[in-house]
Amino acid sequence: MKKTVILTAFGSTGPAVSTYRHIEQCLQPRLPDCTFYWSYSSRVVAKQLQGEGRSGVKTVSRILAELEAAGHKEAVVQSLHLFPGHEFHKIGREAGRADMACRLGLPLLSSFKDYQIMAYLLKDLILSHSESAILIVGHGTDHPSWTSYPALEAMLRREYGANIFVGVVEKSPDSSHIPAEIVAGGYSHVFMIPFFLMAGLHYRRDMIGEEASWQRRLVDVGLAVDSYAHGLGLLPGISMLIQSHIEAAQAT
């Protein structure tokens, strides 16, 4: 029987969900002894999919129950969240309630080495716009893991320079000062990179949307703006980072 891996992401209802298919296609030849299942941690996304008659994506708990009924003895639940915030801890609780042996794969940015790898994966994007301010925009959170964002900024600045800025679309850390800081730094152009696994609603609405978006705020202070229109899940090498987390979980 093949090893079981449940890939658990926040979820999406839009076309950017193709990023998930791309990730699985990259993982399959690297982990040929594994069978992959998908779960979304967002109840809002799951409810919307059900309302549209698309019920193929199940909760972690339901998949684990079905696997156990089919005779499986163990599984890896691999988080595809970027940081160990609310969603990761939620799936950890679900996995902990399972009757079968369940190993939890850590989020993509959990160790110092993970941050080093992510910095390397972003290298080409950053260096190809070295004369611009680079604004990396993530989700934000009220979970204590909000400190991951300034940590990411500090590491990227140490690697690539002071033109790196990390902001969020909601909650913490506060990012309201960033447009003024970019102007004060003497930059006239900003290149935005979405720090999401996929470039979905937050990219379209909160980064490049017409109203109350990052692009609007930057343009309003006189800056020219371009952006990378893809999520991290399409970066070359991201599947190797995910693979390393799956293998680490399997080894525990």
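The backbone N, Cα and C atoms fix where each Cβ goes, glycine too.
For the Co(2+) site, TrEMBL lists E170, H202; matching the candidates H89, H129, H139, H245 against that entry yields H139.
On the backbone, the CA of H202 (Co(2+) binding site) and the CA of H139 (active site, proton acceptor) stand 8 Å apart. Surrounding the centroid of the Cβ atoms of H139, E170, H202, where the record places Co(2+), the chain contributes additional residues within 8 Å, namely G138, G140, V168, V169, K171, F196, D206. In this structure the alpha carbons, written CA, of H139 (active site, proton acceptor) and E170 (Co(2+) binding site) are 6 Å apart.
Other Cβ atoms within 10 Å of the Cβ of H202 (Co(2+) binding site), summed over all protein chains shown, number 22.
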